[in-house]
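Notes for the one structure printed next.
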Amino acid sequence: LWNYILKSITRIMDYIIYRFLLIVVILATIINAQNYGVNLPITGSMDTAYANSTQSEPFLTSTLCLYYPVEASNEIADTEWKDTLSQLFLTKGWPTGSVYLKEYADIAAFSVEPQLYCDYNLVLMKYDSTQELDMSELADLILNEWLCNPMDITLYYYQQTDEANKWISMGSSCTVKVCPLNTQTLGIGCLITNPDTFETVATTEKLVITDVVDGVSHKLNVTTATCTIRNCKKLGPKENVAVIQVGGANILDITADPTTTPQTERMMAIIWKKWWQVVYPVVDYVNQIIQTMSKRSRSLNSSAFYYRV
């Protein structure tokens, strides 16, 4: 009888131990799992996700960056204008030191590795009919969250898996050429050994978002001395960024997929004449804009932010 009881206790203990070890293994697998795209070993960093802000005064513990072209400060021509603007934001509840004014030279310069430092980021972008495509690409870049890996185009062929997969090039001068390949890795309408026969998709640009036929391998040629190219996956809207289009008769459509409804959600429009007439409405409506955004979020909900002033 004693041996039977001892064996029963041993079997029960073994069962408990094995179940515990199984649970530990499963949890360890889940915790250490990486988020890979389909055939895309993309490991770039992501911002911490937050829920949409519903606080009445998120600015008391947050930072706001307002990016503006140098043209604005040149026209205003007032050495004290930033202090004035800081005092105006204070009337809306933003403490001194929580609002940062950041100047950029032009759209092309801002397109090269744009850095959005604050909890909330508002980018003033003056409309220019000669730069519509550049503006659309920049807006697509900064209004969305991307996971990217460097590409070694000298060793490998690359293909895009779906509409969210793009190749993003940045630099002082980017010329991008592509050669689609068949299943025998022979060029379709081009010779893989002769870049002059490749199809040119961009010439001497600072920002290029390349979209090719999904599921087809490509040989690429890029001016790597002045440009970097990355294999990127669009995760969804970057909800702590808003682009405020200054002027222009039409809202720019930044939708990459031509079969979908144009992406022009959440727009604000006022008649633009002078830069002070742009700045004043931004101060007036800043809290309403912030309430529709999320603090450092990459939520996959459809809520990209594109405004026009």
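Note: Cβ is positioned from N, Cα and C throughout, glycine not excepted.
Look at Swiss-Prot and you will find 1-33 tagged as signal peptide, backed by sequence analysis.
Feature annotation from Swiss-Prot assigns N-linked glycosylation site to ASN52 (among others).
According to Swiss-Prot, the disulfide bond annotation covers CYS65-CYS118 (among others). Under a cutoff of 8 A between CB atoms, and with a sequence separation of 6+ in the same chain, the neighbours of CYS65 (disulfide bond) are VAL99, TYR100, LEU101, LYS102, LEU116, TYR117, CYS118, TYR120, ASN121, LEU122. Under the DSSP three-state reduction, CYS65 (disulfide bond) is assigned to strand.
The Cβ neighbour count for GLY189 (Ca(2+) 1 binding site), using a 10 Å radius and every protein chain shown, is 9. Among the features that Swiss-Prot reports, Ca(2+) 1 binding site is placed at ASP78, GLY189, THR197, GLU199, with the record citing sequence analysis.
Under the heading disulfide bond, Swiss-Prot lists CYS148-CYS232 (among others), citing sequence analysis as support. When secondary structure is read from DSSP and collapsed to three states, CYS232 (disulfide bond) falls in the strand class.
Under the DSSP three-state reduction, ASP211 (Ca(2+) 2 binding site) is assigned to coil, being neither helix nor strand. Summarising the annotation, Swiss-Prot assigns Ca(2+) 2 binding site to GLN160, ASP211, VAL212, ASP214, ASP284.
The Cβ of CYS227 (disulfide bond) lies under 8 Å from the Cβ of SER169, MET170, GLY171, SER172, SER173, CYS174, THR175, VAL176, each of these being in the same chain and 6 or more residues away along the sequence. Per Swiss-Prot, the feature disulfide bond maps to CYS174-CYS227 (among others); the stated evidence is sequence analysis.
For CYS179-CYS190 (among others), the entry in Swiss-Prot reads disulfide bond, with the evidence type sequence analysis. Of all Cβ atoms in the shown protein chains, 23 besides its own fall within 10 Å of the Cβ of CYS179 (disulfide bond). CYS179 (disulfide bond) falls within a strand segment according to DSSP.
Listed in sequence order, the residues of the same chain lying 6 or more apart from ASN221 (N-linked glycosylation site) and placing their CB within less than 8 Å of its CB are ILE153, VAL176, LYS177, VAL178, CYS179, PRO195, PHE198. A strand conformation is recorded for ASN221 (N-linked glycosylation site) in the three-state DSSP classification. Feature annotation from Swiss-Prot assigns N-linked glycosylation site to ASN221 (among others).
Sequence annotations record features per position, and here Swiss-Prot assigns N-linked glycosylation site to ASN301 (among others).
Counting every protein chain shown, 25 other Cβ atoms lie within 10 Å of the Cβ of CYS174 (disulfide bond). Note on ASP78 (Ca(2+) 1 binding site): other Cβ atoms within 10 Å of its Cβ, all shown chains, come to 11. Among the recorded positions ASP78, CYS148, GLY189, CYS190, THR197, GLU199, not one has a Cα within 10 Å of the Cα of ASP214 (Ca(2+) 2 binding site). Sorted by the number of other CB atoms within 10 A, the binding-site residues GLN160, THR197 start with THR197, the lowest. Comparing C-alpha positions, THR197 (Ca(2+) 1 binding site) sits nearest to VAL212 among the binding-site residues GLN160, ASP211, VAL212. CYS190 (disulfide bond) sits 8 Å from GLU199 (Ca(2+) 1 binding site), counting Cα to Cα.
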